[in-house]
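Undergrad: Here it is, the structure in full.
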Amino acid sequence: MKRRFMGIYNLSDITYSYTLICGDDDVVFEGMSALTCPSGEVKACTSSELGDSIIIQKVFTPSCGSGKTFTAWCNSHLRKAGTQIENIEEDFRDGLKLMLLLEVISGERLAKPERGKMRVHKISNVNKALDFIASKGVKLVSIGAEEIVDGNVKMTLGMIWTIILRFAIQDISVEETSAKEGLLLWCQRKTAPYKNVNIQNFHISWKDGLGFCALIHRHRPELIDYGKLRKDDPLTNLNTAFDVAEKYLDIPKMLDAEDIVGTARPDEKAIMTYVSSFYHAFSGAQKVSQDPTLPPKSTTDIIGTLRPDEKAIMTYVSCYYHAFSGAQKAETAANRICKVLAVNQENEQLMEDYEKLASDLLEWIRRTIPWLENRAPENTMQAMQQKLEDFRDYRRLHKPPKVQEKCQLEINFNTLQTKLRLSNRPAFMPSEGKMVSDINNAWGGLEQAEKGYEEWLLNEIRRLERLDHLAEKFRQKASIHESWTDGKEAMLQQKDYETATLSEIKALLKKHEAFESDLAAHQDRVEQIAAIAQELNELDYYDSPSVNARCQKICDQWDNLGALTQKRREALERTEKLLETIDQLYLEYAKRAAPFNNWMEGAMEDLQDTFIVHTIEEIQGLTTAHEQFKATLPDADKERQAILGIHNEVSKIVQTYHVNMAGTNPYTTITPQEINGKWEHVRQLVPRRDQALMEEHARQQQNERLRKQFGAQANVIGPWIQTKMEEIGRISIEMHGTLEDQLNHLRQYEKSIVNYKPKIDQLEGDHQLIQEALIFDNKHTNYTMEHIRVGWEQLLTTIARTINEVENQILTRDAKGISQEQMNEFRASFNHFDRKKTGMMDCEDFRACLISMGYNMGEAEFARIMSIVDPNRLGVVTFQAFIDFMSRETADTDTADQVMASFKILAGDKNYITVDELRRELPPDQAEYCIARMAPYNGRDAVPGALDYMSFSTALYGESDL
């Protein structure tokens, strides 16, 4: 039994995935190196670090850049065989050009391809190509020939990328690195002399085009004037490199400059494919100019000779060896020097870093130790808490980074000594006082100073906390007492009782008693404040002077409050006795002034009230009430004189005893001046009321004449309209003569009604006079103008509707071919079952009518009939709807069953019909109409394309959904 385990790991900027297949006796490792692309997806590639196996999975995401580059790369090899491709996912589908590509790049012959055009031939050719790829150490997983033949773009591009990796990139090896890392290292080595070129990857490092130009200039400086290139002109740089490479180095143009510049992250696979062509062009395969010292060789001498001269070929090839061997040796020597210098520079940088880090750490220790040794106490809790917070910040924020720096310093020192030893360099000796041992000694001094500092801080805080508690308690009690006494002295010194009323004096006395009780309760707090101040003095509190001053101020203020309290009580009691005498007189005045004032205000309101009357009787009642009011005026004048006498007595007492009155009568706001003013006003309003009543009496007599005139006319017109409405109703129900005779009779009746209009207009004129006179009722008639208008409009509407119904009955009779006798029968049945005689039957009346005519139906059938005769669902059936229904029932019309029978004839007595039968038997437009709307037939005898004409027929008559 085998189990499969999968995982990933990172190497450089490549994410590799691997698969382990574990059996009972062996473990098989399937390696796959996967590049991380800009979109975040994984693309299969070769990893020499994992072995020779390559796994391609369905994870390739194609991009515009990779497709163009792969097509150009394939064409650069296919042109050697005299062909090329245009569409990479289409031209490899038959497998012929894929096999040809593999033969060109490998130099080996593949099996003979199939030349047939069938799918099986194409699959066979692709399988031969895939087998050849697998024979080169490439393990293909989850891909088959069918996906390539079907033009699967992801699988096709993934396969081409695998071929590029195997035959163009995998064999690249530079300084013990291979594949992608080797190619990247080769590019970095070749472009190192160029300061404005920094190759770190195969995407953004090439966007400015200088990297491509540097590779060409390094090997063929005569092809590019590198000094004229500018980093801010990437399009020119890229196009220059692509054109020169295509023209002089036989490297096809695989990339577009606009795509590279216009993309935030160029396609990595496309860049790698194109750069690998430079590697192969300049690493032993580049073209060189012929040595001018050698005689030129004629291509015709070599081609035209069966066996070219061996010595001549060897001599010419040796020129290539000498041309490139010297350059290769110089490059190797330069690389060795660079490597040695890089190691030395790295060691020097580590030494400088150690010296700086050691100096900084020692300086920090030197500054920190005096701070930790300082034991000077503070006077306030806040200052000591700040010291504790600073110490905690030191422990939490400042010291941990220094611990890490000390550890890192020792690590750097050991690492540096190891690197110096491995590179045969002398050991590093730090400056005096900066050895690791020196730093450890200084750190020990720091730990010693830190020891006990936190415990001292906590003890000091506890000591100050007790003093602060007593001081805070003193401040709280003092603040509460001062807050309570605030304003109390000013309150006790007020003279508010001098202008107060008796009730206010009594309230002030009660308030003063409550204050005295509160004052006694605060005695304990004053004593507590003095005791706390004494304790703070005994404990030598640093702020004792301010505490003593505040305590003395509180005690002095307390003594003053006691003296002011006794003085105010005496003044309040004296004023109370003086005001009680005056209060009785004020109360008597208020008891008699208030009713009299209310009587005068009521009288003024009645005399000024705007009366609204509508009859003679109402104005006569108002006149009688006014005469009764005038008879009460002498008695009212006597009461007025008595009330004024009480007020005069109060004024006499105030003047005699020199009482300082706080204000007016507390029991009432009514003054003698106000009483006299209102009395004078009442006397002036009485004659005005007499005049107004006389004028209203004359106006009501005129209104009565208008009421009688309107009532006489309305009592004639109202009954006439009602009589005409009843006559029209009888005409519409009775069956005298033909429908045409009834229509003529109704039109003559309508003419006589219209001729009555002048009388309605005359009544409107009388009604307008009544409205202008603001007359709202009329006891001489029960008819209003609104009733007359509504009745007149209903009369005109009824005669017009009745005429229209008769006209519709004539149209229905003529259209359906109904005889006059049938019409009379319909009318007789309708009138019989119209039990309410409203011209309409309700549902139960209509059901009874249908049963009387022989209909035997259930609820569903009755509901269907009601939906026909009452589409608006009003619950009633008009005579016109009844005639329409009866005409449909008696007329000869098509039904759904008749249409189904006709379709069955066309279908040859089958339960379904075909499209051909419809098009053969029906006109084209009607045949297509049926085909578009008929549902497929699903019966047991159905054939392909059978249509259901039965459901179509029922849908035509609304019996089902079409």
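Glycine residues also receive a Cβ, built from the backbone N, Cα and C atoms like all the rest.
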Undergrad: According to TrEMBL, which of these ranges is coiled coil: 120-154, 505-539, 855-889, 925-959?
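TA: Going through 120-154, 505-539, 855-889, 925-959 one by one, TrEMBL gives coiled coil for 505-539.
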Undergrad: I'm validating the feature mapping. Which of 256-283, 340-367, 592-619 is tagged coiled coil in TrEMBL?
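TA: Among 256-283, 340-367, 592-619, the range TrEMBL annotates as coiled coil is 340-367.
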Undergrad: Please indicate, using numbers and ranges, the residues of the same chain that are 6 or more beyond the coiled coil (340-367) and have a C-beta under 8 Å from a C-beta there.
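TA: 402, 405-406, 408-409, 412-413, 415-416, 419-420, 423, 425, 428, 430-431, 433-434, 438-439, 442-443, 445-446.
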Undergrad: Under 8 Å between C-beta atoms and at least six residues away from its ends: which parts of the chain pack against the coiled coil (505-539)?
TA: 467, 470-471, 473-474, 477-478, 480-481, 484, 488, 496-497, 547-548, 550-551, 554-555, 558, 561-562, 565, 568-569, 572-573, 575-576, 579
Undergrad: What counts of helix, strand and coil residues does DSSP assign across the domain 'Calponin-homology (CH)' (177-283)?
TA: 67 helix, 2 strand, 38 coil
Undergrad: Pop the mean pLDDT for the coiled coil (505-539) in here, whole number is fine.
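TA: Here the predicted model's pLDDT, averaged over the coiled coil (505-539), is 87.
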